[in-house]
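This report refers to the structure that appears directly beneath it.
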Amino acid sequence: MEDGKPVWAPHPTDGFQMGMIVDIGTDYLTIEPLNQKGKTFQAAINQVFPAEEDSKKDVEDNCSLMYLNEATLLHNIKVRYSKDRIYTYVANILIAVNPYFDIPKFYSSDAIKKYQGRSLGTLPPHVFAIADKAYRDMKVLKMSQSIIVSGESGAGKTENTKFVLRYLTESYGTGQDIDDRIVEANPLLEAFGNAKTIRNNNSSRFGKFVEIHFNEKNSVVGGFVSHYLLEKSRICVQGKEERNYHIFYRLCAGAPEDIREKLYLSSPDSFRYLNRGCTRYFATKETDKQILQNRKSPEYLKAGSLKDPLLDDHGDFNRMCTAMKKIGLDDAEKLDLFRVVAGVLHLGNIDFEEAGSTSGGCTLKAQSQPALECCAALLGLDEEDLRVSLTTRVMLTTAGGAKGTVIKVPLKVEQANNARDALAKTVYSHLFDHVVNRVNQCFPFETSSFFIGVLDIAGFEYFEHNSFEQFCINYCNEKLQQFFNERILKEEQELYQKEGLGVNEVRYVDNQDCIDLIEAKLIGVLDILDEENRLPQPSDQHFTSVVHQKHKDHFRLSIPRKSKLAVHRNVRDDEGFIIRHFAGAVCYETTQFVEKNNDALHMSLESLICESKDKFVRQLFESNTNNNKDPKQKAGKLSFISVGNKFKTQLNLLLEKLHSTGSSFIRCIFPNLKMTSHHFEGGQILSQLQCSGMVSVLDLMQGGFPSRASFHELYNMYKKYLPEKLARLDPRLFCKALFKALGLNEIDYKFGLTKVFFRPGKFAEFDQIMKSDPDHLAELVKRVNHWLICSRWKKVQWCSLSVIKLKNKIKYRASACIKIQKTIRMWLCKRKHKPRIDGLIKVRTLKKRLDKFNEVVSALKEGKAETSKQIKELEYSIDASMTKIKTTMMTREQIMKEYDALVRSSEQLLSALQKKKQQEEEAERLRRIQEEMEKERKRREEEEKRRRKEEEERRLKSEIEAKRKQEEEERKKREEEEKRIQAEIEAQLAREREEETQHQAILEQERRDRELAMRIAQTGAELSTEETKLDVGLCRANGTKLQMTAEQMAKEMSEMLSRGPAVQATKAAAGAKKHDLSKWKYAELRDTINTSCDIELLAACREEFHRRLKVYHAWKSKNKKRNAETEQRAPKSVTDYAQQNPTAQLPMRQQEIEINRQQRYFRIPFIRPMDQYKDPQNKKKGWWYAHFDGPWIARQMELHPDKAPILLVAGKDDMDMCELNLEETGLTRKRGAEILPRQFEEIWERCGGIQYLQNAIESRQARPTYATAMLQNLLK
């Protein structure tokens, strides 16, 4: 199969594995893995892809691959990753795989210099190349740019963002202090906003959009950082293997002893906000020695330090202090920041217990007194006020007027704990806002022409337990994925269609319904959550119930017990919900959703913190007193500031900014869950590539044009350098001349209606044209002028030649018209007078023989006069007949009657002469005359026989034409009947198509949900029982990895495919048949066709055999080599007819299966695709011959003028023959296509077909057909 070429087939853990096709099934292919000879498994046919011939080859741009599909994309990334080439392009999109180690000199200053001003694709893929492209686009297009760095947590987004910022400031900075400040801002932001998670040691727990602003000279003048959604819940609690924000650990590990004493710091295990997570520091061998023992937690002392090449808490503290100094923070302000951070830690150590009184409140535990004192001192609060504010809440009554009585309500232990945590979150979030503001103050700018923005925001997150933070992060990623879909897929395809480029449409999953579910007005999850917050007694359970109630049948929303993970099935319906995101289904536990959505403190704590004695603490809260209060909130109720809608507003503003700028994309990929170098988990990576839209982009870029410029834009760029004669040119003509002058290959670009477009990998050529320095433009103008002169001279030459050719053509046509006219006239005259001419010739021949009669008579001795008289009478009769034929319009029958009478007379006369002739000499002469007459008679009979044969052939042809006309009339009647029915079923078909589209979307979503569940399960969760049966390749909770068998994987793939419409139709038809052949192998079908005597089984096998051939050829056509010509096993007119007129599957000809099937023969013109446009005069036109034995083709021939005939017979050459049945080809409806058997057999024999078929029969390769049976009878 497939000429022994390898293919990629699905693999549960590696994504794909290489194998060979060994059999074609109903809707699957049987694959033999290359590394497991003798073992086979089945794979859905749409999940199998052809592989590159050289499996070790890698390319820098995936669009350069010979086969563009997700398997070769994954393999190319894998090969490059094994060579430490972590960057790869898909057109102008960069794929970055996290290496988890520092590649030497890869991001050095020398590397930066190397990429400056270089076009995309001229150097190996690099994040620097994308940064430089964004800069050049900004400079040339006079438009701000955005670089969207996306990917899941741990994929390397933060590091790539830092590299982009560093590249822009080093390459295009002014060389002043501001360049360093932009770069040094990152360590400070990371210290306060990054933390260790399960999947990432340096995970950004906030989103940021960093703008680098440029002046009119395109030099860096300043920057601005916008931040989004800091994860505040992490301040109070973390997972077992996770940590709080880096700043806490760096302060504990690296702070000098004097600062440590001032802040009352100790080891991380001493603080509630740190000791419930991981309390180990990141450290190297050197820094581990520098950390004092009393700063290390027991866990650290037992297990040692955490290792990461980019993190070192002790060393990073010093680097953070240096960064603070560089961005302008003095020692006092630095100490203020540390003081608030320490205050938050001590605040977390305040504990409560039930009060002994009847008030039902609580009091501080005795052992919490030191923590209370430290916290109050560090935050500038009164100790007693802090105690009271944490254990009571102030309420105002409205008795009879606006002013009311202040009432202090005691808080229970749980409420006091919540109040303490809320205060800690608020203080830290305000501190983080202050840090970002100070960062922005350190690189101000007065004027800005354009900016380049770099977006680094938390990637799609999915854990065993997901809360409000993951909900907001994933909502953000849904919006960004939609932006990617619109910018790269939707807008790109709309532009191609508008410009008339004829690029094939690429389908992608639209996630607008998921976004509407979250943000729709009144019924969206965010608005429902806000309404819940405004209730007097809000609850998470009520909120969850309302969400399920308002979106009961929504495809994207589901209840937890439908999760594919067992841990989620224990969650009650009012405790969570599942949202099916673009990357897969995530189960959110709604506990604390209501609390986390409210960013406001209760009145007691708000008043306390705003009246702090510490100036720095007061400043943190001055700008946030009532700015964010909910305008719908009524007086007297608890204050409410919606976190969700605030984030939604920020996100919409961000997307408006992204839509107004040019876009570049960096898709970051994490290679494995263990966060180790040189370990490639193909299944994980494939899922990330599919979710990020890379596979759809690859499909689009097969015929896409990622670079473009408008004609007017190019023309205006060159206009001031153009001489007057060139300035008059139309912009489109000027662009054409420009490209020709540069010698660009026409296949590398394409002209639209208003723009010119460039193929992927041709960015260097595009940049050469768009380069705007005066010397370069002037040089190109010279080239254009030279090309125009040459092209116009060539045009004059071609015009002269064309006029001469036209003159010759007119003369030729005139002579051809005369030739046609005289030929037609000749034919008409011939048809009219041919019988008479033939009759005259025959009669004249008879008259010539009278001389011989006279010679005989002259030799007679007696009866000469009487005999002469008889001869004269005969001669008179002949002359009379000739005159009659000449002067009278007679039919052939009349002429033959006259002629036969004369022949009889002459024969009677001859008989009489024979009686009279006695001598031998005379008898011999008479004998000779008789022989001549006998020859004449035989000649006449042969001629008559030939004439009748010609008449018979004409009759057969007329019968064939009459039959074709009858079939055409019947077809027209059927079509009229179908049109009558079509109106009734059209709506039904439209509904079915819509349902199928939705069903395919559901299948795709289920696949992503299952993959996401598998990825979560690999971190330690357990799949549900049903999913475990499907996904045997998962790591279960006990850590044992089970490999999915080939049969299990095939079953899963087949189940996914079996719901498709074509397969359902086939299976429904198969169910109605007597024989179920769905599980038969391809070879079994072929052998049965060759050997079976069961007519019904034979017909069923033939039908299934050719159906599988059609499926296989469709797969080959879809997965052909890039830019390769489509294989043609039949003329294009035949295949086009089959595509445009799909025939319904009929029920076995109503079981009428005849042994002697009808034999039909056809001939139609055939021109090879490669010669279609090279040969306008059809000099290379060939002929395609086909012999159909019943509905299926038995023999096939291709005759071309410049190559040897191609002979094919059924059985031996099935893969190269037309796989369509006779009805599907439409040949019976083509006028003049059907020929006589004799015409086919003559050509077949002349081309050596008999010997070819005989060899196939002898080698047992030919399938038994009418042709093989006739040849075998002939040989016998």
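Note that the numbers count up from 1, one per residue, in the order the chain is shown.
Each Cβ is built from the backbone N, Cα and C atoms, and glycine gets one as well.
As recorded in Swiss-Prot, the features of this protein are as follows:
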- Gly151, Glu152, Ser153, Gly154, Ala155, Gly156, Lys157, Thr158: ATP binding site (BINDING)
- 2-53: domain 'Myosin N-terminal SH3-like' (DOMAIN)
- 57-771: domain 'Myosin motor' (DOMAIN)
- 813-842: domain 'IQ' (DOMAIN)
- Thr405: phosphothreonine (MOD_RES)
- Thr1088: phosphothreonine (MOD_RES)
- Thr1091: phosphothreonine (MOD_RES)
- 273-317: region 'Responsible for slow ATPase activity' (REGION)
- 665-672: region 'Actin-binding' (REGION)
- 782-810: region 'Required for binding calmodulin' (REGION)
- 835-916: region 'Three-helix bundle' (REGION)
- 917-984: region 'SAH' (REGION)
- 934-957: region 'Disordered' (REGION)
- 1051-1267: region 'Interaction with TAX1BP1 and CALCOCO2/NDP52' (REGION)
- 1117-1151: region 'Disordered' (REGION)
- 1139-1267: region 'Interaction with TOM1' (REGION)
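Here the region 'Interaction with TOM1' (1139-1267) has a mean pLDDT of 80 out of 100. Take the CB of Ala155 (ATP binding site) and look out to 10 A: across all protein chains shown you find 26 other CB atoms. Other than Gly151, Glu152, Ser153, Gly154, Ala155, Gly156, Lys157, Thr158, the residues of this chain whose Cβ falls within 8 Å of the Cβ centroid of the ATP site are, in sequence order, Asn98, Asn200, Ser203, Gly459, Cys668, Phe670. Tertiary proximity for the region 'Disordered' (934-957) is limited to same-chain residues at least six positions away from its ends with a CB under 8 Å from its CB atoms, namely 842, 845, 1236. Ranking the recorded positions Thr158, Thr1088 by the number of CB atoms within 10 A of their own CB puts Thr158 at the top. Glu152 (ATP binding site) carries neither a helix nor a strand DSSP state and counts as coil. With helix defined as DSSP H, G or I and strand as E or B, the domain 'IQ' (813-842) counts 30 helix, 0 strand, 0 coil. Contacts of Gly156 (ATP binding site) defined by a Cβ separation under 8 A and a same-chain sequence distance of 6+ are given as Ala96, Val97, Asn98, Cys668, Phe670, in order along the sequence.
DSSP labels the residues of the domain 'Myosin N-terminal SH3-like' (2-53) in these numbers: 6 helix, 27 strand, 19 coil. Here the CA atom of Thr405 (phosphothreonine) lies 56 Å from the CA atom of Ala155 (ATP binding site). Around Gly154 (ATP binding site), the same-chain residues six or more apart in sequence whose CB sits under 8 Å from its CB are Asn98, Thr197, Arg199, Asn200, Ser203, Gly459, Phe670, Met675, listed in sequence order. When Cα-Cα distances from Lys157 (ATP binding site) are compared across the modified residues Thr405, Thr1088, Thr1091, the shortest belongs to Thr405. Local packing around the Cβ, expressed as the count of other Cβ atoms within 10 angstroms, is greatest for Ser153 among the recorded positions Ser153, Thr1091.
It is 53 Å from the Cα atom of Thr1088 (phosphothreonine) to that of Glu152 (ATP binding site). Each of the binding-site residues Glu152, Lys157 was scored by other CB atoms within 10 A of its CB, and the lowest score goes to Glu152. The separation of Thr405 (phosphothreonine) from Ser153 (ATP binding site), Cα to Cα, is 51 Å.
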